[in-house]
Amino acid sequence: LKCNKLIPIASKTCPAGKNLCYKMFMMSDLTIPVKRGCIDVCPKNSLLVKYVCCNTDRCN
């Protein structure tokens, strides 16, 4: 997950209220993101799932 890049093609701006970009990985395979998108609060990691969050609404 690359944060704070301002490349228009690759960047994503989140809707109001969900101003953090995140990626979700399964702990069994940290190389392939399962889900990505915008969220209001960065979730905590669990035994099965790891979250990687940006502190901005732009990511690629």
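Backbone N, Cα and C atoms are what each Cβ position is placed from, and that goes for glycine too.
Cys42 is paired in Swiss-Prot with Cys53, the candidate among Cys38, Cys53 named as its disulfide partner.
Looking at Cys14, Cys59, the record from Swiss-Prot puts Cys38 in a disulfide bond with Cys14. Scoring each of the disulfide-bonded residues (Cys14, Cys21, Cys54) by how many neighbouring Cβ atoms lie within 10 Å, the top position goes to Cys21. Comparing the disulfide-bonded residues Cys38, Cys42 on other C-beta atoms within 10 angstroms of each C-beta gives the minimum for Cys42.
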